[in-house]
Amino acid sequence: MASLKKNGSSSRLQDRKPPNLSITIPPVEGERDPKLMQPLTKPVFQKSVSLQEPRGHVAEGGTADVRPGFKRQTSLSQSIKRGTAQWFGVSNDWEGKRQQWQRKSLHHCSLRYGKLKPQYQRDIELPSQETPSFQATESPATHRLPKIVDPLARGRPFRHPDEVDRPRTPHVGLPPQTPGMLSLASFTSVRSGYSRFPRRKRESVAHMSFRAAAALIKGRPILDTPHSRKAGQKRSFIYPSFMDEDTVDAAETLDSSFFSKVDMHDETFSMPDDVFDSPPMSASYFRAPLPIPELMPGAAIEAAKEPVKSVQVYTPDHRRGKRIASQVKHFAFDRKKRLYGLGVVGSWLNRTYRRSISSTVQSQLEHFNSHRPYFAYWITFVHILITILAIATYGIAPIGFAQHTTSELVLRNKGVYESVKYIQQENFWIGPSSIALIHLGAKFSPCIRYDEQIKNLIEKQHGLERESGCCIQNDKSGCVQTHRKDCSETLATFIKWPEHDAPVLDEVTGMKRTSGAVCHQDPRTCEEPASIQPHVWADDITKWPICTYQAMNNHTGIRHMDCEIKGRPCCIGTKGSCEITTREYCTFMHGYFHEEATLCSQVHCLDEVCGLLPFLNPEYPDQFYRLWLSLFLHAGVIHCCVSVVFQMTVLRDLEKLAGWLRISIIYILSGITGNLASALFLPYRAEVGPAGSQFGLLACLFVELFQSWQILAKPWKAFLKLLGIVLFLFLFGLLPWIDNIAHIFGFLSGLLLSFSFLPYITFGTADKFRKRAMIIISLLVFVGLFASLVIWLYVYPINWAWIEYLTCLPFTNKFCEKYDIDQVLH
């Protein structure tokens, strides 16, 4: 009978129990399973009794204290394989991570690509599950009935439903509702404090001694007065010592709830299912007394109906002080989620989700958090810093779209002043000149690989230098290395071997030298390096080394050695051209003057123009690191501002979705691929900036749109809007100083990399295999594209003149000046 009675009452309680409520009652001490009372065979492996065991963790067999068996440690190859599969999102145990990716995807889509379908939109509006809450165990909410707050919960760590996605700021004091109802949790809850302030723990002797010593050193009284405590700095959160565990008597709780008056209108909406929704404990300490209409006189009632401008609630000294401003807390704790497919651009384009979306996709959005945009902030800081340093070091070039010409009277080789012109390309970005940008690390093909055209130009200059000689002025004003046609037959004497006192090349045969002479350099007088066997200087002045030490200076008896030299090599321009001229002319032309050399063949002008690290072989440029170094440079202030705006909107938004590692890989590889293509098709144009990287990020938006196609309400409208933005940017790239080639190939590489690295929502089990195939195909195509560009750049260079029209349209004759090899442009 007792068992039947017990079973009957249990069934009645089971019928009244809410469907989602689970209550675990521990067994009575005397009714434990005898199997659990038996000692273990290996007491060494018993768990400590001082640790609190979590509920629901006991195995079915009743062996709660038995540890699981030992497992073999996974090998390094298996760990790498599993980690790689998880990173690409194709592992077998990736279900939880996939749900997080898909929740974040919907958040991003709702902000970037427009309105979603209604079922996806409802899933986004569900409360977040980031923090522990009992909302998942509540019964379904009834319509047109407000939630009832239990006044007897007394500070349990529950939160309001509308608080879950907001910062954890203290609540405004709410009056207790349903004062006559007493819940079971009210008698057993700890960490209480609903009706009174929790007591403070005593300070330790060490803490009080340290505080007294600090007070004596600072000259303050040891015992604080109430006034000094009041003047101290307040805190918005109480110390942990205030939150000691103490059980409050139920009668005291009933008293506090009984004297809390509420309106009877709220009493009629009491529901047992919502009794667990209680305000946070901080709300109970600052409740302002509410006016009771039946106890107030008529004048007071009229005054109470007027709007209250400001209410100041007095709080005692022992309670917490001033709170942090709500604006500061919202700024500090605000972590807005990014909906997949609805990011910043989606909010600009007014995208939404569609209505018909399966519940499987909705369930994937519940644990989807946004990443911190560390890479966006870092790259923006680096861009701003480098731009400031570049402008401070090299200054600002003439502003405009055409060429800038400067004229000035400059002392030339013949000792007379001549009017010379200096032509340079204008920069409308408000920044350094192209020479300065090349020196800083701009993308410039002659500095990256061996260029056949530049090599032919240098060989042509060396051929002319072999026929040169020393032109000595008859008035003994000086001498200069030049050609016969540039030396006056009346006012000067042209010294050329073997016509004028040529030295002997071979002592055995008596053959004399035919290449020379060279002003201020002769094999007979140079001692370092000396022209002796077996290191005799060749009969070709273009192969002579620089003489670092002369035995006799001005009294050798050799005419081209005793004269005063007027010109030395000067590297001018960006193509490695060299002239023997004066220092004044070299400075005016923004060249590099070599005081130690006497011939242009003794200097390597291309190494001087490129700067940075010297070439391993001066004849073969090898600065391939310019392909990614130029991503951190900008052509000017406006260029940098455009990049900052793009990175603070699009880049930061995408990084919140995919994380810094995936976005940084796409950013860097897209930029390198774009610069590689630009170096191939536009070899003689100095380009800087992350143009390819930015268009690679725009390709990420397209991939995200394609993967969110099934959940968007109007996907074609979002696609056309995004396509219009990209086409406008491509048309804008037809202006000079904007690299459209880097835009195109950066977009293609970003498209391929996004299919491999970006997460996206899956619609069924077949999507897993589809994603694996997509990753493999995308990576293979990207590797093939990158390898083809490298081979074309270093092995089989391509020179297509028509491709320049893709990056600049010549609206005028000088709007897009060609950077061919024959022009001396800067």
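Think of each number as a place in line: the chain as shown, counted from 1.
Backbone N, Cα and C define each Cβ position, glycine as well.
Membrane topology taken from Swiss-Prot puts MET208 and PRO797 on opposing sides.
Count of Cβ pairs under 8 Å against the transmembrane segment (663-683): among 381-401, 718-738, 775-795, the largest is for 775-795. Within the model, the topological domain 'Lumenal' (739-743) shows a mean pLDDT value of 92, rounded to a whole number. Here the topological domain 'Lumenal' (739-743) has, by DSSP, the following mix of helix, strand and coil residues: 4 helix, 0 strand, 1 coil.
With a cut-off of 8 Å between Cβ atoms, the residues of this chain six or more beyond the transmembrane segment (381-401) that come close are 424-428, 430-434, 436-437, 439-440, 632-634, 636-637, 640, 643-644, 647, 690, 735-736, 815. Here the topological domain 'Lumenal' (739-743) has Cβ contacts under 8 Å with residues 443, 671, 674-675, 677-678, 681-682, 685, 687, 689, 691-692, 695, 729-730, 733, 803, 806-808 of the same chain, all six or more residues outside its ends.
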